[in-house]
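**Q** As listed in TrEMBL for this protein:
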type	residues	note
BINDING	Ile14, Gln15, Gly16, Arg29, Ser80	substrate binding site
BINDING	Cys33, Cys37, Cys40	[4Fe-4S] cluster binding site
BINDING	Trp39, Cys40, Asp41, Gly82, Ser125, Pro126, Lys127	S-adenosyl-L-methionine binding site
BINDING	Ser42	Mg(2+) binding site
DOMAIN	20-235	domain 'Radical SAM core'
Amino acid sequence: MSKIRVSEIFGPTIQGEGALIGEPTVFVRTGGCDYRCSWCDSLHAVDSDYRADWLPMDAYEIFEKIIKLSKGKPLTVSLSGGNPAIQDFGPLIEMGKKQGYRFALETQGSITQDWFKDLDLLILSPKPPSSDQVVDWDAFEACVRAAQQARTAMKIVIFDDEDYRWAKGVADRYSSLPLYIQPGNHTPPPPDEPDARIDMQGILDRMEWLVDKTLNDGWFAPRILPQLHVLLWGNKRGV
Ligand SMILES: C[S@@+](CC[C@H](N)C(=O)[O-])C[C@H]1O[C@@H](n2cnc3c(N)ncnc32)[C@H](O)[C@@H]1O
Ligand SMILES: Nc1nc2[nH]cc(C(=O)O)c2c(=O)[nH]1
Ligand code: SF4
Ligand SMILES: [Mg+2]
């Protein structure tokens, strides 16, 4: 069985973002990402300087840890990273579903896997201009198609006016996908400083700006949500 590069497994906590906000969950965060977003809040799982901290684990070992953390009570497992779509989660999803666990995956939509169809929720998070990344829309489209019947949602981080306009354009192209927008944390933790100071008032101001802008604009398609875990715990890692 192939190994998955794991940065951290933690929980139970609540899902802090998007469609499943507030839902109890255990996170499996993988190491390695094909993107380098300018404002990434999880660089310890992206930057290869930290690869020595990423542990190769097989599906049995990961599921054992999930069972321990959840005390054997089935819940939703959130697969994130880094880009978790680099890894092979097929065997873990198959194993977990047999025991009643559900699986949600967070990815930017740059890499497709055939096991996307087995997810309970695929969250595609294409990156706006402020990230300094360039979206490959063919690759994104392939992810949407690979989901097949699996529930799929889109989540876009918005930092400024340009991101906002961009998000509206993307929403038009994928109007059948439920959309969640969230303000950015402009004070993400440096990878070697897990609990770095956070500008909470600045984040709340960005949330208010985003709500006002969206409503004044008469754009009623998206749900506008903060990162709830950030409001509760700041930049703390493993929550
Ligand atoms: C750390 S990423 C990992 C999964 C995947 N690489 C992705 O970007 O979707 C998880 C989520 O956090 C969001 N995110 C990362 N940095 C952020 C920041 N500084 N402020 C708000 N959201 C952020 C991403 O856009 C993504 O939706
Ligand atoms: N509680 C909590 N909710 C989250 N939603 C997305 C997260 C992520 O980093 O992928 C995340 C996270 O790290 N913690
Ligand atoms: S795609 Fe996700 S994990 Fe990768 S750098 Fe961007 S926000 Fe971070
Ligand atoms: Mg996060």
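Glycine too: its Cβ is placed from the backbone N, Cα and C atoms.
On this model, are these features tucked inside or out on the surface, and what's nearby?
**A** Close to Ser80 (substrate binding site) in the fold, though at least 6 residues off in sequence, lie Phe27, Val28, Arg29, Thr30, Ser42, Leu105, Glu106, each with a CB less than 8 Å from its CB. Ser80 (substrate binding site) carries a strand DSSP state (E or B).
In the three-state DSSP reading, Cys37 ([4Fe-4S] cluster binding site) counts as coil.
Other C-beta atoms found within 10 angstroms of the C-beta of Gly82 (S-adenosyl-L-methionine binding site) number 27, with every protein chain shown included.
Around the Cβ of Ser42 (Mg(2+) binding site), 20 further Cβ atoms fall within 10 Å across all displayed protein chains.
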**Q** Could you measure between Cys37 ([4Fe-4S] cluster binding site) and Lys127 (S-adenosyl-L-methionine binding site) for me? Cα positions, answer in whole angstrom.
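**A** Between the alpha carbons of Cys37 ([4Fe-4S] cluster binding site) and Lys127 (S-adenosyl-L-methionine binding site) there are 8 Å.
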**Q** Determine, from DSSP, whether Gln15 (substrate binding site) sits in helix, strand or coil.
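**A** Assignment for Gln15 (substrate binding site) reads coil.
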**Q** Specify the nearest of the binding-site residues Ile14, Gln15, Gly16, Cys33 to Trp39 (S-adenosyl-L-methionine binding site), where nearness means the distance between Cα atoms.
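**A** Smallest Cα separation from Trp39 (S-adenosyl-L-methionine binding site) among Ile14, Gln15, Gly16, Cys33: Cys33.
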